[in-house]
Amino acid sequence: MAGEKAPDTKEKKPAAKKAGSDAAASRPRAAKVAKKVHPKGKKPKKAKPHCSRNPVLVRGIGRYSRSAMYSRKALYKRKYSAAKTKVEKKKKKEKVLATVTKTVGGDKNGGTRVVKLRKMPRYYPTEDVPRKLLSHGKKPFSQHVRRLRSSITPGTVLIILTGRHRGKRVVFLKQLDSGLLLVTGPLVINRVPLRRTHQKFVIATSTKVDISDVKIPKHLTDAYFKKKQLRKPRHQEGEIFDTEKEKYEITEQRKADQKAVDLQILPKIKAVPQLQGYLRSQFSLTNGMYPHKLVF
């Protein structure tokens, strides 16, 4: 009929299925809500990267000055506590008495007399001489550090450049406390005795002698080699021109020490072929030989 709705031809789904579909549709929404809610009820804060509050205009130059940043950061509110240090009271030094009163006998001498403890010098210099002051940082020669060149080791063959034995080759034994080197020829080979020499005036060669087993006497020190002053003879009546100067003579102790050291080194030198002739020969420069180009 006119004015009436046409009957719905679509089939209606059962109610059970509709209810099930409503429950399934409500589950993801509930899950989404559960994810968004924080257990404490607050949203988690995002971690911000650490950066300065003073933006950089150019490399090394900030927008705000140091005083401006001091007020922006409110650094004036901070309380600084300095470490407490105990200050010990200085002990008063006892005053040293300059004078002493002494009793003096005699009726007319007054009974006492004031005497100075520190007496003034009896004689004074005719010219003013400035007093030498110890400078800070400078140590005496006895306290200097003794350094040895890396090329000089016990048993190294050295070439002496100065003195009466210049040009001769010797064997280095050890370094003394003064920094000088103790060397020997040996005496039988090149007539160089036990003596001291400075490492400045020596050329170290690559040739070495094994002296690890050699025992050097402990009394071979700087005092042992110190030159003794010869006494000047006093003139007597009638012997003005007949007096003779005292001459230096080698002691028996030196001769014994020389033999003791050389007897230990000689077998080791003879064991190496051509080493004996090398030590006996003298070093010299000829035409076309340049020291800075030579390999020792």
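Just so you know, glycine gets a Cβ as well, placed from its N, Cα and C.
Annotation comment: Swiss-Prot describes 1-14 as compositional bias 'Basic and acidic residues'.
If you look up Swiss-Prot, you'll see 17-28 marked as compositional bias 'Low complexity'.
The compositional bias 'Basic residues' annotation in Swiss-Prot covers 29-51.
For Lys5, the entry in Swiss-Prot reads SUMO2 cross-link, with the evidence type similarity to another entry.
Lys102 (N6-succinyllysine) carries a strand DSSP state (E or B). Summarising the annotation, Swiss-Prot assigns N6-succinyllysine to Lys102 (among others).
Per Swiss-Prot, phosphoserine is recorded for Ser135, and the stated evidence type is similarity to another entry. Here Ser135 (phosphoserine) comes close to no residue that lies at least six apart in sequence on the same chain with a C-beta under 8 angstroms from its C-beta. Reduced to three states, the DSSP call for Ser135 (phosphoserine) is coil.
Look at Swiss-Prot and you will find Lys215 (among others) tagged as N6-succinyllysine. The number of other Cβ atoms within 10 Å of the Cβ belonging to Lys215 (N6-succinyllysine), over all protein chains shown, comes to 9.
A simple way to gauge crowding: the CB of Lys247 (N6-acetyllysine) has 6 other CB atoms within 10 angstroms, across all the protein chains here. Swiss-Prot lists Lys247 with the feature N6-acetyllysine.
For 1-53, the entry in Swiss-Prot reads region 'Disordered'.
Long-range Cβ neighbours of Lys102 (N6-succinyllysine) (same chain, at least 6 residues apart, Cβ-Cβ under 8 Å): Thr112, Arg113, Val115.
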